Amino acid sequence: MAAKDVKFGADARQRMLRGVDILADAVKVTLGPKGRNVVLDKSFGAPRITKDGVSVAKEIELADKFENMGAQMLREVASKTNDIAGDGTTTATVLAQAIVREGHKAVAAGMNPMDLKRGIDKAVAVVIEELKKNAKKVTTPAETAQVGTISANGESEIGQMISEAMQKVGSEGVITVEEAKHFQTELDVVEGMQFDRGYISPYFVTNPEKMTADLENPYILIHEKKLSSLQPMLPLLESVVQSGRPLLIIAEDVDGEALATLVVNKLRGGLKIAAVKAPGFGDRRKAMLEDIAILTGGQVISEDLGIKLETVTLNMLGTAKKVHIDKENTTIVDGAGKADDIKGRVKQIRAQIEETSSDYDREKLQERLAKLAGGVAVIRVGGSTEVEVKERKDRVDDALHATRAAVEEGIVPGGGTALARATLKLEGLHYHNDDQRVGGDIIRRALQAPLRQIAHNAGEDGAVIANKVLENSDYNFGFDAQAGEYKNLVEAGIIDPAKVVRTALQDAASVAGLLITTEAMVAERPEKKAAPAGGPDMGGMGGMDF
């Protein structure tokens, strides 16, 4: 086992603070509308330019092991905030740095770190209550667009697009962000349930120009196993032909004789039919087939449930207003499932999302939820160069998360104002002892840090701006860094999602509290590499002393 270095007390905290400062100073230049860019070197290709705090934090790795521990703890603040709220990473970093700095001074002055932490926690709880109390619900599309615009660093086109996407797919719908292949940024909305399986054979196409199959008011057979022979389902096919309606078969696969028979019938015009493979794999496939069955009001034909193909009747099949199939995707529009059944299924999936600990599973469950509850919207981000597209995509991602957060918990005045105003609530707070009071004062000073940093990045004096804002008793009054003016921020559309501000403060206080109460640090001692061995001496070669 490699030897370890151990640092104690002030020395440990001092090194950790250096790491915190290096990371925070690189991240905080991006804060606010006048925030600067940070250029990140890539091992191959062009460097990446970003104003996204968490992207900067993730790139920083320091040579000194102890400094690096401090930087990594601060990086954890940014990524945790990003995971929960999707935005506010720079605010969280600025808050954490301010709390750690002040806390470090207090511990150096001989105060009890545990009491400091208790004071910090008490003050944070009061501030969070204050934020919740003053949060204003987002109701109109215009308000939604404003939140998106602020998070996209003032680009109103992005805000509008996110607002439109949320209107179309609802708050449960999935909105994904992709890179476009051209200059324009565009929004694509898929209504109904879409899954990534196309027709099994091109002979099922009904529109040869577009190479798509469109079925109006079809029956839908949802079969779990492979179909190799149609013999067991002949009675069902006859019933479908007599009804005069098309049939869509969703099965694990359709091959051999079954596929040939279906194609021949389709070409002769006796049967309007199409077949697609079931989406997903393994257990996820079963769940998705069940989703389709609930959406279309049908049943999954599965031997596990004791249902055989021979016994299937028309009322076991699902129906929908329209099914659109192309080479890669199938879309079921307006399924005939009962609203209560769909609601029940949505509730069940939501419960699974709450329980799961895997990010991948959560993402897949959310996709299923969206397909049942709303729809899927895709924002394709364009730009003139690859670097620009990547930078804009970062901003669209941030804006999307911020907008979702605003719909969940409402909005507060932006520009760091809501946190700065919360300091007024901490003035008369009662603490058990003086050390705890100092902990509360640390939070009181730290809450002004984001407002001061936004002003500083805009070329103003942060302390002067903060005092001017707090002198005015109007809750929505603050500093518009973009225009360099004081105004009613909510009316001007400068707003932050309450969830983002709350999460940033909670995560910053949590990690900063841990750093303040650290008394020892252990890191691996770097091994000294042995000097490369020299060649043998050149003895015996006399006469070379000129």
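Every residue gets a Cβ built from N, Cα and C, even glycine.
Annotation comment: Swiss-Prot describes Thr30, Leu31, Gly32, Pro33, Lys51, Asp87, Gly88, Thr89, Thr90, Thr91, Gly415, Asp496 as ATP binding site. Feature annotation from Swiss-Prot assigns region 'Disordered' to 527-546. Feature annotation from Swiss-Prot assigns compositional bias 'Gly residues' to 536-546.
The Cβ of Gly32 (ATP binding site) lies under 8 Å from the Cβ of Gly415, Gln453, Ile454, Asn457, Ala458, Ala481, each of which sits 6+ residues away along the same chain. The candidate set comprises the binding-site residues Gly88, Gly415. Of these, Gly88 has the most other Cβ atoms within 10 Å. Cβ neighbour counts within 10 Å, taken over all protein chains shown, single out Thr90 as the most crowded of the binding-site residues Thr30, Thr90. Sequence-distant neighbours of Lys51 (ATP binding site): residues of the same chain at least 6 apart with a C-beta under 8 Å from its C-beta are Thr30, Gly35, Arg36, Asn37, Val38, Asn153, Glu391, Asp394, Arg395.
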